[in-house]
Every structure is written in C-alpha cells, then in structure tokens.
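Let me begin by presenting the structure, written as structure tokens, before commenting on it.
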Amino acid sequence: MSGSKQGSEKASITSLIDSEEQGDEATSVSTQNQSPKTQITQTENVEVQNSDLKVTENKPKNTEMKPTDPNTNASTTENTPITTSNAQVSEKSEKTVPAWMREPEEAQNRYDRYVPRVDNRRRGEPRVAEVRQDPRYAKYLRQDQEERRIRRPDDEYEGDHKRRRPEMVTQFDDRRQGTRKNHPGQAGQSESEENGDEQQGDDEEETPGNEEPVEAQPYSRLATSVQSTQHYHTFQSHIANKENKDINSIVRSHYNQRTIQSKMQGSRTKSPIYKLRNFNNAVKYMLLGNHVRKNPNPGSPTVILDMCCGKGGDLNKAEFVGADQYVGIDISDASVKEAFHRYRRNKARFIPRDGGRAGQRDSRKYNFEACFATGDCFQQSIPEILEPNFPGIVNGLFPVDCVSIQFSMHYSFESEERVRTMLNNVSKSLRPGGTFVGTIPSSDFIRDKIVNKDFLPGTNNKFGNELYSVTFDRTPPSDGIFRPPFGNKYDYFLKDAVDNVPEYVVPFEVFRSMCEEVGLTLRYKKNFIEIFNQEIPKYFHKLNRNLVDGMKRADGKYGAEGAEKEAVSFYLGFAFEKLG
C-alpha cells in the first residue's frame, strides 16, 4: 500500500460489482489518499492495497451473560408477558373468547361462519338482538365479508373480555415505551447465520391434503434442533401423491421436510448454492435497511411483521435495522419451531441503563422481543392467527412499521381471493407511512424468456440452467402475458433448496394495481442485480464479513457470476408505502 504523508482519509469504494453495461466484467476497489489503516467500526479495520480489499477483524470482549436454565419452561416470547399456552386458552370459559374467533361446531370449512344464518323463527317469535362487531378487528374484514359476518350479543363478547383486557393489553402498551437507542450499523454474526432465502418446511404423514389451516402454537415445550453432520447432503423432498394435493399441503410438506433435513445436511458453506444464498441475503439486508422506517412518534418501538418468516432467516435483518418488536408467522409449523429456537439461542440479555445512558445493542445478538405463530396469511386474518395464543397483541403492537414477505408472496397468486386476503392483512397491519417490503419472481424476466423462446433444448415450456429451472404445466402464451392474471402455475426448482414446488406468476402491474386499491403506493422496484449494483458500495462495510466473503467471485471480486447470476436475476425487490 502506498503511504500518504498528507494525513489519513477514509477509504472509498468506487466499484465492487459488475454493472449491466460491463456484464460479467470484474469490479474493483479504488482508494484515494489513504493511510495504512482506516477504522471502519469499533471492531474492524480495513486495509486497501492495489485495489484489493483485505479485512482484519479484532474480536470484541465477550459480554458476561447469565446461562439459561434448560429446565425452565421458556415461552415463545422470551421475557415477554404476552405468552399464553393452548391449554390455558382452552381452560378459559367460552365467554372469554372474542366473538370474531368463534366457529360453528358443525362448520364444514373456515368460511361457513361468514354465511348468513337461515331464519328458522316461528311466526311472531322475537328476533335475537344483533349488535355491532368488535371495532378493534373489523378493519381486517373486507366489505363483502363484513356484510356476511355473524353477529353475536354484547354479553357474549364484552363481559369477561372487557374485564381482563386492561391487564393483558397494558403489558403491550408498556412495551411500546421501551425502545432502545444507539443501534450500531453493522450486521452482526449470530450463533446461527441465516440458512438461505426461502421459508423452509414437516413430515408428509402429518400434512394430508385439504386440511384446515394450522392453528397458532406456542413452542416453549418443543425439542431443539439436532447438530448437523460433517458431510453435506443436498436436499431432496419426498411428497407422495403430489398431483392430488392442494398448494397449501405441498408447500407446507416441502418446507417442513426442508427444515428437518437441513439439520442433518452439514455445513451450509458446502451447499452448491452457498454464494447464491449469500447474494440473496445481502439484497434483503439492502431492501430492509433502506425501507424500514422508524415510528415518528417519540417513544414508540419499531415493529416488524414477517408474514412468511420460515426458519427465522431474517431475524438477523430485524436486528440490523434496529427493530424493537418482531412478529413472525409461517404456514410451516416445523419452520416456526426452528425460528423460535434460533431466536431463543441468540436473544440478548439486555444491558441495564447506566447513569441515564441507554445500553449499546450487542450486534451479535437479538436485542428485540419476538413472538411466532403458525398460520396462513393468505387465507386467515392476522387476528385469527395471533390472538388465540397472544390475547391483546393486535391492539397492543399494531399497527406495525413494516410488513415483510420474502420469497413467498407468489404462492398467494393461486387465486384472486388469496391475493386480496394477503393485501388486506398487509394494509390493515401497517401504520400510515409504514412500508410493505418484499421479493418475488420477476414477471418481466419470465416474459423475456418466453418472448425470446429461451427454453431448454427440446422443450417449449421450460427454462433455466444447472442451478434453477421453471417448468410451466402447459405452453405459456407467446407474448408472455398471462390472462387471467391468477392461477398461472409453474414448478420451480432451485438446487438444494426448492424441489419442483408449484408457484404462480405474479404479473407486477396487476399486483401494483391491487395494492393501490388498499392504500399502498409503489415507492421502489428493481431486479436483484440492479439492487446489488446500486447498494453494495453503501452496505459493503455494514454487512457481516462472512456474508460478504461468501459473495466473492472466482476472480476475487464480489457479486453473482455465471449460472448464479441468471438464477438471482429471476427475482425483484419492491417497497410500497401505506398512505395516510
């Protein structure tokens, strides 16, 4: 490194990635007037020599923390007074259950309770009094659902519930005052780094087709994950009788099996898509880092709702953006269980305030409270999923600052009804000015492949490479525009991650138009390569060193290359804002 006698100045990164104009051309790091060492963070020094980046890291001193008693019956929300077990809920008298949670005993499906009752009164018999619904959760109903909603007498809902509500919800109100400051900018390395960009997924026998949605469950009594083996085994799912199962059963079975097998696969660094996963994770850090907005009200916490949280791969990102509360929901019960255990293993023990100064966040730990539930956000309302085990949570923590749906929203495009339920949950959960951030397959990328007839040899309905493939169940339209926009299925394969699971095309303009109908306006949309190219100079020194090193190309530069580049180009990132 050439020394500078005129003083030390900060190193600047002028190019770390390959732009679209340069194609696969290698990128470089340039420096100007630098001293031998430039301090980037409190625990990291960076040296720049001959446009090559070299990082030396000084480990901080370990913080003493009290060991957790393994015999303690931990709850899903560590140190959080919002947990309630299924047994406790079932022991409550029927009067304590909110009316919107009730279901008819003989209901054939989850929507029967919204069908108007047949009037079997005898002539002259007085009609049962109908009253207004609980106004706290009415906003989660679409207008057509509200018109058909069963109404019940006041005393059935308001009696005991009103008496117990203050002590339940006050706990959440108190938590809203407990925000923390001084969030460090660097993404920390938790005990278990993210395991990829997909939600993961249980045994085939436990997920028969056409079952009802899985109820929310607490996970304090479930076993922890087993240790991985030394050798790596590529993932393969085994879903019997797949052609006769609905999309929910297939997705749940796939990601349940993915969760179980991932514990025995071996070191994730040996995965054939290790670099691709790191690239996708880096893009998610950039999206959330740019678009999670703090609550403008003084003293209010930053709350994130992850509507398809998988195994908790985005918990590190919640810490990265300085979240105070995190709510994770997923259709796979095995994934939710794993997410809870990941959070519990890496949860920080809060540093007490000293002399009126707020304690620094430990970026290697989760300095936020979290709760997890199993449910289908594309068919159930958020209160239906959360309130059975966390009474008062919707009124206490909502509306939230950010709703995140990563690599999973395309499953909702099976039907218009599922999309509208999903968007209704998003819009009603967000505060004005809050953001909806997500990643989906790019309909523009799919259309270009179809129009250019860029199919695999011998096929007219399949494209991809050795890492990924997209196979339509029928020949796609020659112009690449799908009509109608819902239910256009294809099987997606990603080596060591997704094993030919049915997905659906998301025509982005249709999606954008439906978002506008619920008060969400588009603020950002770019494909993954564009996001990485634009944001990596800003985030290079903020991201965890292992994550950055995991994106190193064969030529020593950073970014996606070869088959990985095409695979990540399949996706785009977006951000919508909730209008006030």
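Backbone N, Cα and C atoms are what each Cβ position is placed from, and that goes for glycine too.
Pulled from Swiss-Prot, these are the features on record:
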BINDING   Asn280, Asn281  mRNA binding site
COMPBIAS  1-17  compositional bias 'Polar residues'
COMPBIAS  25-53  compositional bias 'Polar residues'
COMPBIAS  69-90  compositional bias 'Polar residues'
DOMAIN    271-579  domain 'mRNA cap 0 methyltransferase'
REGION    1-222  region 'Disordered'
SITE      Lys311  site 'mRNA cap binding'
SITE      Lys317  site 'mRNA cap binding'
SITE      Arg342  site 'mRNA cap binding'
SITE      His410  site 'mRNA cap binding'
SITE      Glu503  site 'mRNA cap binding'
SITE      Tyr571  site 'mRNA cap binding'
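Sequence features annotated in Swiss-Prot and their locations in the structure.
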residue : record                  : Cβ neighbours (10 Å)
Asn280  : mRNA binding site       : 26
Asn281  : mRNA binding site       : 26
Lys311  : site 'mRNA cap binding' : 31
Lys317  : site 'mRNA cap binding' : 24
Arg342  : site 'mRNA cap binding' : 25
His410  : site 'mRNA cap binding' : 22
Glu503  : site 'mRNA cap binding' : 22
Tyr571  : site 'mRNA cap binding' : 21
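Taking Cα separation as the measure, Tyr571 (site 'mRNA cap binding') is nearest to Asn280 of the recorded positions Asn280, Lys311, Lys317. If you average pLDDT over the domain 'mRNA cap 0 methyltransferase' (271-579) in this model, you get 92. In this structure, the CA atom of Arg342 (site 'mRNA cap binding') is 26 Å away from the CA atom of His410 (site 'mRNA cap binding'). Ranked by Cα separation from Lys317 (site 'mRNA cap binding'), the recorded positions Asn281, Lys311, His410, Glu503 are led by Asn281. Mapped onto three states, the DSSP output places Glu503 (site 'mRNA cap binding') in strand.
Classification of Tyr571 (site 'mRNA cap binding') by DSSP places it within a strand.
The two recorded residues His410 (site 'mRNA cap binding') and Lys311 (site 'mRNA cap binding') have their Cα atoms spaced 18 Å from each other. Secondary structure from DSSP puts Lys311 (site 'mRNA cap binding') in coil. In this structure, the CA atom of Asn280 (mRNA binding site) is 16 Å away from the CA atom of Lys311 (site 'mRNA cap binding').
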